[in-house]
Amino acid sequence: ALSMFGTTVGLYGIPWCEKSLLLTALMSVIGASMGILDTGGNVLALNTWGEEAGPHMQALHFSFAAGAFVAPILAKMALGGSESKDLLAAERTNQSVPRSVPAASAASAMSVLKQHLRADFLWSYIVIGTYLLLVSFFFFVLYSRGRSARDKSKASLQKCMFAKYHYTLIFLLFIFFLCYVGAEVTYGSYIFTYAKVFAEMKENEAAALNSVFWGAFAACRGVAIFCATCLYPGTMILLSIVGSAISSSCLAFLARYPASLWAGTAVYGASMATIFPSGISWIEQYTVVEGKSASLFVIGAALGEMCIPAVVGYLQGRFHRVPVVMYTALVTSAMTILLFPLMYKLANCPRDGGLKEVSESEDRKALLSNSGLNEDEE
């Protein structure tokens, strides 16, 4: 609720910014709020549904993919249509003004255009901000009505459910998400340029290839909601990393063929879709995922999203004839294939006997307290 409220404040303030420093501050507020939302949303889903959080986690991340796919299209339609109307109005203004004052007419037309565009941007930010404010209000209501001692007792019972190699698993999953999200954002960011430069596609074909990647990504996340009801998270991760490995291999070595490029892009986008939500659901089966652990996962994803595209852009600028983006997809897929069996092996290591004894002792005390008997009477 607090993160969405912070995003609302930032969205309300952006249209009125006339200084770059103030705009930077508001964008930083929005970025921090969204980071908190990513962490809190995942933890809230796990705390709410527990072992049955798989489909709900997939639905949560499907909403991210659907919004990222649909929002730019709607924004382009709204702003593009308004901009074309304003340009027509400006042209009519130019035609109606005598030829002796062309500079004044152009300035007037540009002023009208800027006013209309400013109004469109203003209303866009106000509508989106108001929507987030309403959702934030509902979360505040749920928070005020949903707290109970039952949640505290549940948390206390989960204290002894940590895996034997808890911190090692958290660190390896941190690296896993860094590679995965970095590869996802890198491919989605550079496939348009790759299609134009290396595949020599036209601009509309390159844009269609980019849409194929993100469309397959969003569609597969939607399908994963239903698949999560009958498949284990580990099975979904295994299918995803195998699919990403096969498709990235085809893209690295056979991308010069158009059919391989189109099919590989679609399969790669579909394979990348379910890894993040499935990874969080998978680790929750073996150890406790607290707020700190979930925040590390999001930090790893954010670092991959920042660093890997920057490195790829730098290398692509140095080696113009090398398809760096395809080799990056192959290397990151190989990393995930190596990391997941290692994490699976560590997660299935038996816990120490002491933890089991402590858990049995706590269960015994809980039963005695509920029955109203002390240990001697029992």
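Including glycine, each Cβ sits where the backbone N, Cα and C put it.
In TrEMBL this protein carries:
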- 355-366: compositional bias 'Basic and acidic residues' (COMPBIAS)
- 368-378: compositional bias 'Polar residues' (COMPBIAS)
- 355-378: region 'Disordered' (REGION)
- 20-47: transmembrane segment (TRANSMEM)
- 59-79: transmembrane segment (TRANSMEM)
- 122-144: transmembrane segment (TRANSMEM)
- 165-192: transmembrane segment (TRANSMEM)
- 237-255: transmembrane segment (TRANSMEM)
- 261-282: transmembrane segment (TRANSMEM)
- 294-312: transmembrane segment (TRANSMEM)
- 324-344: transmembrane segment (TRANSMEM)
With the transmembrane segment (237-255) as the reference, find which of 20-47, 165-192, 261-282, 294-312 contributes the most Cβ pairs under 8 Å.
261-282
Under 8 Å for C-beta pairs, could you tell me which stretch among 20-47, 122-144, 165-192, 294-312, 324-344 has the largest tally with the transmembrane segment (261-282)?
165-192
Contact count check, CB pairs under 8 angstroms to the transmembrane segment (324-344), set 20-47, 165-192, 294-312; argmax is 165-192
Report, as numbers and ranges, which residues of the same chain sit near the transmembrane segment (165-192): CB under 8 Å and 6 or more residues beyond its ends.
206-207, 209-210, 213-214, 217, 244, 265, 268, 272, 275-276, 279, 283, 286-288, 293, 296-297, 299-305, 307-309, 312-313, 316, 325, 328-329, 332-333, 335-336, 339-340, 342-343, 346-347, 349
